[in-house]
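In what follows, a structure is listed as structure tokens, so that the remarks can point back to it.
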Amino acid sequence: MSFSRQHGTLTVEDCAVDDLAARFGTPLYVYSRAAIESAWRAYDAAFADRDHLICYAVKANGSLAILQLLARLGSGFDIVSGGELERVLQAGGDPGRVVFSGVGKTTAEIERALEVGILAFNVESESELERLSEVATRLGREAPVSLRVNPDVDARTHPYISTGLRDNKFGIDIHAAEAVYTRAAERPGLRVEGLDFHIGSQLTELEPLADALSRSLALVDRLAEQGLPLKHLDIGGGLGIRYENETPPSPAALAESLGALLKDRPQRVLMEPGRAIVGAAGLLVSRVEYLKPGHRDFAIVDAAMTDLLRPALYDAWQRIEAVNTTADETRLYDVVGPVCETADVLGRERALALSPGALVAIFDAGAYGFVMASQYNARPRPAEVLVDGAEAHLIRARERVDDLWRGEHLLEAP
Ligand code: LLP
């Protein structure tokens, strides 16, 4: 187990969290290398019996050292911007294992992706197809294309992170996709290779994914009949993790349930998990500044919605524990940050035994944590540490106050 308690103190692998906080300060993101690697390996092993590639969704956590760990395991990457592409390259990732998703790819981003030679563009609209064809032709390249279809299934997750319904901006309506494929095959500069879908995030049921896959396979069959055989199927990401009492399916259960549908299919299977690889592997550690008793008991900590946005944005629940077990009285605290917004809440009504100066750990913060951090209220973003056994590596320095105005200019004239 990567996270455990020893003599009442929370540890990550062989490092005590209170030592890490003393050494690196708070708020602090702490990740377990073993947890990340074992989650990736479990995913990979689940699909071992067929040709497959895991394209880790960089958006979940794009820190270079984490991308480097995954690249060394042989991972591919799912990116949604030119910035994410450069991160992957900077971390030593193989561009030949990169798929590029997203509804708004710019011309410059397309040029760069063609230049480095990515595995596939997950194309989300006919206008994007047109632009891709123009750019590739101008550069004398062939763009590998996968159409992201919108299978119109309800992923039964939070509406903000559901993407596979007809009402969402993502993908090409599956009913229109056949005609789009035909036109894509006729356009110069394109090589039609795959089909892709991603129906949402934090999925706790397999049925919507299986539905999306069967609808997609029916399309794949129609395309093959028309002489348009596809080389790969990208089933997206989305497997949930257990934040509270959800029971998300394991990668093995996913592989088993889709395996029946994919049996005897020659296509290589790509997938784009993010949260399931890094989510449970990270903590946000924060120090209590003040306790404010009253009508509600507030624990005001030094982390805020600027460091971990999920509770404020999605009303997401993440487990919070005191780092050290103490004899302090247990009360139901609203754990809040110092930002001047009522939404600046990390957890409501949590039974915690705290005193000022105590440390708290917010669990399952490895995905959509640091990446969604901001400097709102002029708060430097936190540091990140990767624990590997008894060693702790600072993988991102805490921002300094002068980072807050990097790139800004005072007016010169009086
Ligand atoms: N592929 C595509 C095309 C995506 O849009 C996403 C996530 C993924 C893969 C990875 O999904 P995952 O395996 O991590 O569920 N900020 C939200 C989650 C937004 C997810 C956006 N797309 C949150 O904190 O819950």
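Using the three backbone atoms N, Cα and C, a Cβ is placed for every residue, glycine included.
Per TrEMBL, the features are as follows:
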DOMAIN    29-366  domain 'Orn/DAP/Arg decarboxylase 2 C-terminal'
DOMAIN    34-278  domain 'Orn/DAP/Arg decarboxylase 2 N-terminal'
MOD_RES   K59  N6-(pyridoxal phosphate)lysine
BINDING   G238, E272, P273, G274, R275, Y368  pyridoxal 5'-phosphate binding site
BINDING   R275, R310, Y314, E341, Y368  substrate binding site
ACT_SITE  C340  active site, proton donor
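Only G274, of the recorded positions G274, C340, E341, place a Cβ under 6 Å from an atom of ligand 1.
Across the fold, the C-alpha of G238 (pyridoxal 5'-phosphate binding site) and the C-alpha of E341 (substrate binding site) stand 30 Å from each other. Model confidence over the domain 'Orn/DAP/Arg decarboxylase 2 N-terminal' (34-278) stands at 95, taken as the mean pLDDT rounded to a whole number. Among the binding-site residues E272, P273, Y368, the ones whose Cα is located within 10 Å of the Cα of R310 (substrate binding site) are Y368. Annotation for the residue listed as 'active site, proton donor': spatial neighbours N377, criterion Cβ-Cβ under 8 Å with sequence separation of six or more.
Sequence-ordered, the extra residues of this chain that approach the pyridoxal 5'-phosphate site, with Cβ no more than 8 Å from the Cβ center of G238, E272, P273, G274, R275, Y368, are A57, K59, A60, S201, G237, L239, A276, I277, G279, A367.
Look at the Cβ of each of the binding-site residues E272, E341 and count the other Cβ atoms within 10 Å; the largest number goes with E272. Between the CA atoms of E272 (pyridoxal 5'-phosphate binding site) and K59 (N6-(pyridoxal phosphate)lysine) there is a gap of 11 Å, rounded to the nearest whole number. Under DSSP, E341 (substrate binding site) is assigned to coil, being neither helix nor strand in the three-state scheme. Most Cβ neighbours within 10 Å, among the recorded positions K59, R275, R310: R275 holds that distinction in the structure as shown.
Pairwise Cα distances among R275, R310, Y314, E341, Y368, which the record gives as the binders of substrate, peak at 27 Å.
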